[in-house]
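Everything below concerns the one structure shown next.
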Amino acid sequence: MTTTSSTLADATAPAPKRVHFKTWGCQMNAYDTERMAGLLRPLGYAVTEEASQADLLILNTCHIREKAAEKVYSELGRLKAQRKPGSKLAVAGCVAQAEGAEITARAPQVDLVIGPQSYHRLPELIARSAREAGEVLHTEFEAEAKFDALEGERPAPGVSAFVTVQEGCDKFCTFCVVPYTRGAEVGRATDRIVSEVRALAAQGVREVTLLGQNVNAWRGAPPAGIGGEAWGLGQLCRHLALIDGIERIRFTTSHPNDMDDALIRAFAEEPKLMPYLHLPVQSGSTKILKAMNRRHTAEDYLRLIERIRAARPDIAISGDFIVGFPGEDEAAFEETMRLTREVGYAACFSFKYSRRPGTPGATMPKQVAEDAKAERLARLQALLDQQRLDFNRAQIGRTLPVLFEAEGRHEGQLKGRSPYLQAVHADAPATLIGQIAAVEIDAAAQMSLSGRLSVVAAA
Ligand code: SAH
Ligand code: SF4
Ligand code: F3S
């Protein structure tokens, strides 16, 4: 502080600085970015959208497919010209975890490499990289410490908020880097989850989405004072539904093998648990599922979907698919098309298989040619797009409870979500933001629905 007129408080407060984030990958990364921003705020860092104005730049990266990982290096190149002299550059996220040493070799301008399990040490590592010339590498696994240390500040939430309940993965699907970048499955303590959701509700949050790489593998001790056996996600959802102000609960991403009866029952019995389930299957071929180490057959998956639909008939199912995994021939791909037709998805993500270094799939024989992958992906996506449109169109004429989240693009319009996670636009007063209102759906497109506020307000 150089100003002479500053009060004592000003003089001891850290100098104002700016941090710029660029985030790729899954919702967990988006959540982690928020948390890093919260951790840096007490050190005087305000978030800026302008990379050129930042004293600290943090790239929160994704390693899931080759394209995702390569984006980091092109961004690092771009930033060279943009960054303010003297600014610090950090690479965080899954590329940092997987390729830490390679990053500093390929991009010597990087000051700090920090893996997802070390974010709570960010302030200390930033201080260290300021003192020391040369890069600092921190990529150890300490997920439990991270959960505890990142409980601090969070930017003011909106109507809907994510809450991490579980991190890491023990499944080791043969195509996937996540077990290597995020480490073993660790569940966050029940009491901590409950107190975070309570705090969010008090700030106006009406919907929480519980996050985890394998969210339905979450297990936790019952909250203090309740006792009994360990809880699974179904019990957690029911308990969170008791919190005043929380109207909707969702969770993502689930693994088919962790869909236990208690969780399926929760869909039947807990109205606040929304009828939407992201349940990736990856392939419709049992042979390929085996090679992927998914540990279930295509039949198992279809039977599971039947049980879930028996519990909650209107449930919308979404999923992820990989086409062109090693060994996938035309017949195996046709089985994926058949399974897709049989399930009838509401929305899906689908990808060409990407060989990830260090995973078993990368060195398997019978790799599929790129043009075959592209052709299969186009066929699958055409079917999935049609299913999404059909599902959206099926809502026309129905009245859906919509949780309004924000103003829409047009004057007087709000946007919100249906129970099935569809974006819904309707003319409505801004006072309805944060509330659930009944909307008569009169139009449907690929990505959204629109309708009119119904006279009778929904619960
Ligand atoms: N934990 C979740 C999702 C993890 S990654 C699950 O088990 O389903 C999100 C999606 O990325 C995966 O479901 C998969 O469809 C896709 N994916 C992961 N690794 C991939 C790879 N090597 N190539 C192409 N897609 C991949
Ligand atoms: Fe990756 Fe499989 Fe774990 Fe999902 S379950 S994160 S796809 S290893
Ligand atoms: Fe990507 Fe890591 Fe998420 S690899 S998908 S950012 S867990």
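From the backbone N, Cα and C atoms, a Cβ is placed for every residue, glycine too.
Pulled from TrEMBL, these are the features on record:
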type    : residues               : note
BINDING : CYS26, CYS62, CYS94    : [4Fe-4S] cluster 1 binding site
BINDING : CYS169, CYS173, CYS176 : [4Fe-4S] cluster 2 binding site
DOMAIN  : 17-131                 : domain 'MTTase N-terminal'
DOMAIN  : 155-390                : domain 'Radical SAM core'
DOMAIN  : 393-455                : domain 'TRAM'
Can you give me the Cα-Cα distance between CYS173 ([4Fe-4S] cluster 2 binding site) and CYS62 ([4Fe-4S] cluster 1 binding site) in Å, rounded to a whole number?
17
What count of other C-beta atoms do you get within 10 angstroms of the C-beta of CYS26 ([4Fe-4S] cluster 1 binding site), across all chains shown?
19
Tell me, by DSSP, whether CYS94 ([4Fe-4S] cluster 1 binding site) is helix, strand or coil?
helix
Compute the average pLDDT of the predicted model within the domain 'TRAM' (393-455).
97
Measuring Cα to Cα, how many Å separate CYS62 ([4Fe-4S] cluster 1 binding site) from CYS176 ([4Fe-4S] cluster 2 binding site)?
12
So among the binding-site residues CYS62, CYS94, CYS169, CYS173, CYS176, who's got the most Cβ atoms within 10 Å?
CYS94
Quick check for the class: what is the C-alpha distance, in angstrom and rounded, between CYS26 ([4Fe-4S] cluster 1 binding site) and CYS169 ([4Fe-4S] cluster 2 binding site)?
14
Taking the binding-site residues CYS26, CYS62, CYS94, CYS169, CYS173, CYS176, which residues show a Cβ-atom distance to ligand 2 below 6 Å?
CYS169, CYS173, CYS176
What are the DSSP helix, strand and coil residue counts for the domain 'MTTase N-terminal' (17-131)?
67 helix, 24 strand, 24 coil
Rounded distance in angstrom between the Cα atoms of CYS176 ([4Fe-4S] cluster 2 binding site) and CYS94 ([4Fe-4S] cluster 1 binding site):
12
Within the set CYS62, CYS94, CYS176, which binding-site residues show a CB-to-ligand 1 distance under 6 A?
CYS176
Which are the residues of the chain, CYS169, CYS173, CYS176 excluded, whose CB is within 8 A of where the CB atoms of the [4Fe-4S] cluster 2 site average out, their centroid?
LYS171, PHE172, PHE175, VAL177, VAL178, PRO179, GLN213
Could you give me three numbers for the domain 'TRAM' (393-455), the DSSP helix, strand and coil residue counts?
4 helix, 34 strand, 25 coil
Taking just the CA atoms, what is the gap between CYS94 ([4Fe-4S] cluster 1 binding site) and CYS169 ([4Fe-4S] cluster 2 binding site) in Å?
13
Go through the binding-site residues CYS169, CYS173, CYS176 and pull out the ones with a Cβ less than 6 angstroms from some atom of ligand 3.
none
To test your reading of the [4Fe-4S] cluster 1 site: which residues beyond CYS26, CYS62, CYS94, same chain only, put their Cβ within 8 Å of the Cβ centroid of those residues?
TRP24, GLY25, MET28, ASN29, THR61, HIS63, ILE64, ALA68, GLY93, VAL178, THR181
